[in-house]
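Noted in TrEMBL for the protein shown:
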type	residues	note
ACT_SITE	H168	active site, tele-UMP-histidine intermediate
BINDING	29-32, A62, 78-79, N155, 161-163, Q170, 316-317, 321-322, Q328	UDP-alpha-D-glucose binding site
DOMAIN	5-178	domain 'Galactose-1-phosphate uridyl transferase N-terminal'
DOMAIN	185-351	domain 'Galactose-1-phosphate uridyl transferase C-terminal'
Amino acid sequence: MAEAFDPKEHQHTRYNPLKDEWVLVSPHRMKRPWKGQVEKIPDENIPRHDPKNPLCPGATRAHGDVNPEYTSTFVFENDFPAMLQAGAPEPGPSEHPLFQAKSAVGTCQVMCFHPWSDITLPLMSLVEIKAVVDKWADMISDLGSKFTWVQVFENKGAVMGCSNPHPHCQVWCSTFMPNEPRVKDKNQREYYKTHGIPMLVEYVKMEAEKKERTVVENDTWLAVVPYWAVWPFETMLLPRRHVLRLPDLTDKEREGLADIMKRLCTKYDNLFETSFPYSMGWHGAPTGEALTDDNSHWQLHATYFPPLLRSATVRKFMVGYEMMAQPQRDLTAEQAAERLRNLPDVHYKEKASK
């Protein structure tokens with residue numbers, strides 16, 4: 001008799017309908033010993049306020065601007081932006097299809113979550129996190145009236161390229177549609193045209209029923225390890241109802257989002273009892289001129305991409321096969337979700353202080 005397929009033991013591929021690509025799942029590789037690079041444990045002895053830290057209240061930044069003595073969120077123009085609103089001279093006509101260039105105009109802003117440098121989102125109060133959500137919504141409403149795309153993202157931890165431990169995110173806006181959302185726009189549009197329901201609206205309903213990949217949930221939100229996840233403990237946040245953009249969230253949904261973010265990030269930190277690094281960001285319907293278009297195919301969602309795999313010092317590398325062929329992961333999405341789901345809801349630092 002042929003051996004029965006077991007997704008927890010046997011290699012297989014899974015389809016990502018959002019990006020129209022496949023991921024190779026190799027659960028048996030978790031048994032191999034690790035002799036590769038080991039990361040440094042993050043320094044947790046961070047001063048609450050450092051007058052030399054350019055993100056702290058009252059600090060002087062690179063070009064001489066002085067931060068106000070802010071007590072909640074604080075937004076300012078990035079001192080070293082990737083894009084400028086003034087733009088640059090037009091590249092002009094392309095000389096050949098193989099050598100195309102287009103204008104890139106935008107703005108880059110930094111948003112501090114909290115005045116303290118020694119705190120991270122899971123240790124903030126629900127009221128403080130709700131203030132972050134509200135500010136995100138305000139920024140997307142304001143900047144979205146001028147730009148086609150408003151990208152909110154957070155890089156947390158040195159291993160993810162974050163150069164400053166102060167809790168903050170970035171908001172980059174552009175007059176063009178970046179690659180990742182452009183692909184998602186195309187695939188969600190095609191799915192909606194074929195099935196008559198937004199892809200992620202149907203997906204969240206199915207995940208809410210199955211439960212096997214759910215990490216945390218409440219009345220308005222669901223956090224799951226996507227069926228097609230690439231990063232070891234990748235998660236997606238999805239509202240239970242059809243929502244196009246962050247500003248469209250009701251006050252109750254914003255409170256629910258603050259709750260789900262705090263609980264998810266607490267479980268992340270509890271996994272290896274470390275300040276869990278990740279890159280996360282929001283994707284919703286495009287803005288600018290697209291505000292008047294029919295974007296019913298879109299569903300708001302956030303994705304967390306954490307690199308840690310086996311411990312606080314062993315990370316997943318996206319190299320070799322991942323760069324040359326297609327994404328690959330070891331443990332299954334269901335195994336990752338179960339590990340996260342079974343972790344305590346109380347942060348290990350708060351538990352230790354009691």
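The count begins at 1 with the first shown residue.
Note that Cβ sites are derived from N, Cα and C of the backbone, with glycine treated the same way.
Just so you know, TrEMBL annotations never went through curation; they're auto-generated.
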State the Cα to Cα distance, in Å, between the residue listed as 'active site, tele-UMP-histidine intermediate' and C162 (UDP-alpha-D-glucose binding site), rounded to an integer.
10
Identify, in sequence order, the residues in the chain of E322 (UDP-alpha-D-glucose binding site) that are 6 or more apart from it along the sequence and have a CB within less than 8 Å of its CB; answer 'none' if there are none.
Q328
Taking the Cβ of R29 (UDP-alpha-D-glucose binding site) as the centre, count every other Cβ atom within 10 Å, in any protein chain shown.
12
As a test of reading the model: what is the averaged pLDDT for the domain 'Galactose-1-phosphate uridyl transferase N-terminal' (5-178)?
90
Local Cβ density at K316 (UDP-alpha-D-glucose binding site) - other Cβ atoms counted within 10 Å:
20
List of residues, in chain order, with Cβ under 8 A from that of C162 (UDP-alpha-D-glucose binding site) and at least 6 apart:
N155, K156, P277
Around the residue listed as 'active site, tele-UMP-histidine intermediate', how many other CB atoms lie within 10 A of its CB?
20
Determine the Cβ neighbour count for D79 (UDP-alpha-D-glucose binding site): the number of other Cβ atoms within 10 Å of its Cβ.
13
